[in-house]
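What TrEMBL records for this protein:
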BINDING   C299, C302, C345, E352  [4Fe-4S] cluster binding site
DOMAIN    10-280  domain 'IspG TIM-barrel'
DOMAIN    296-397  domain 'IspG C-terminal'
Amino acid sequence: MKPPVARRLSRQVRVGTVRIGGDAPVAVQAMTNTDTADAAATVAQVAALARAGAELVRLTVNNEEAAAQVAPIRDALARQQVHVPLVGDFHFNGHRLLAQYPECAQALAKYRINPGNVGRGDKRDAQFCQLIEIACRHDKPVRIGVNWGSLDPALLARMMDANAQAAQPQPADEVMRQALIASALENAARAEDVGLPPDRIVLSAKVSQGQDLIAVYRELAARCDYPLHLGLTEAGMGSKGIVASATAMGVLLQQGIGDTIRVSLTPEPNGDRTREVLVAQQILQSMGLRAFTPSVTACPGCGRTTSTFFQSLASQIEGWLHAQAPAWRVRFPGVEDMHVAVMGCVVNGPGESRLAHLGISLPGSGEQPVAPVYIDGERALTLKGEHIADDFTRLVETYVAARYGADAEAGQRLRAWMKPVPSHERVVPIAAV
């Protein structure tokens, strides 16, 4: 898929097997919420996130028990053939943990450092530099991630004082934005001074509000060429979190800003952590920046579609395609670009179906109980009966095998279906599909 917008030119950073920035596709990240010291639970969740499509997974390394389990977690994942790069999230004591547990330092593919809480007072710079020295020694990239809620108080106080003495003081929130940017850039320069190469640095400057995120990242993008990690500090729960993330990051991505993203959804109690991966993928795919799974177009329904069958079919097909996607991407290169339409009546059904690779136009209220199917823009056959959903699913399977897998037998069946339809309609009995 060719990106529809020009990407900001940035350096490229290698994180394990994943590349961030440059001409690499925007990478999807996720984060565990398990106690990292509980290796079994963490392995299970990392594996689930990776299988859902997370290309990097971050985990908290907050104490000695967690640090001691990082290498065993990586090894256990490898035994399951899960090789997603692990990113260590450090606050307050990372310099000490990485020094005491060199096997942890080596097992991680990247370190995330928050310069706002790496130390207090005079210790801050020294402990930050110690972390960078460890990264250099192990040849690890670092994300220097500043957060609105843990900004360096000394830096903020200095900038607030300077603003108060200015002839035309800026609003406090603007000074906060500038302090975030200054913290990210100053600490990146400090990391380079210690010896970390610029192509081992990723920056982030996270806030909780969309307009702040847009303003901060626009300026940050203009002032450096480091790859940028996008995300709200905490997007929230449910639809609020999804909308907040999609709107804020969507604006930046459309401007070519952003090299890796994470959607920080607050999960429901006992909720599925992999949802944040799916939402991140959907943001990128809806903008045409990445393709992860075949897409489904379905009409929203109206008075012409009093039946809910088309809604059930659309949901069934979309869920099935998403479940098949990981295996299909390996077996059938390019299948992630496939477009399927499931429409509910004659108004837009045929038109949308023709625009899809494979489309079905189900009958609306008062229409004949038959469903024409379109393949590559041509009306190919008509389905009817009680098993339209199963029949259409088998059609999709055959289409995928023929178009993306060069399956000769499937191709022969597909060509037979695509013969011109007589004026009286060619109705395909269930058994023939």
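Cβ coordinates come from backbone N, Cα and C, glycine included.
Remember, TrEMBL labels are computer predictions, not curated facts.
Feature map: TrEMBL annotations on the structure.
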residue: C299; record: [4Fe-4S] cluster binding site; DSSP class: coil
residue: C345; record: [4Fe-4S] cluster binding site; DSSP class: coil
residue: E352; record: [4Fe-4S] cluster binding site; DSSP class: helix
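Confidence across the domain 'IspG TIM-barrel' (10-280), taken as the mean pLDDT and rounded to a whole number, stands at 97. Here C302 ([4Fe-4S] cluster binding site) comes close to C345: these same-chain residues lie at least six apart in sequence, with C-beta atoms under 8 angstroms from its C-beta.
Note: the [4Fe-4S] cluster site is recorded as C299, C302, C345, E352; in the same chain, P300, G301, R304, T305, F310, M343, G344, V347, N348, G349, G364 also have Cβ atoms within 8 Å of that site's Cβ centroid. Sequence-distant contacts of E352 ([4Fe-4S] cluster binding site), defined by Cβ-Cβ distance under 8 angstroms and a gap of at least six in the same chain, are T297, C299, A341, M343, G359, S361. Around the Cβ of C345 ([4Fe-4S] cluster binding site), 23 further Cβ atoms fall within 10 Å across all displayed protein chains. The 10 Å shell around the Cβ of C299 ([4Fe-4S] cluster binding site) contains 22 further Cβ atoms across the protein chains shown.
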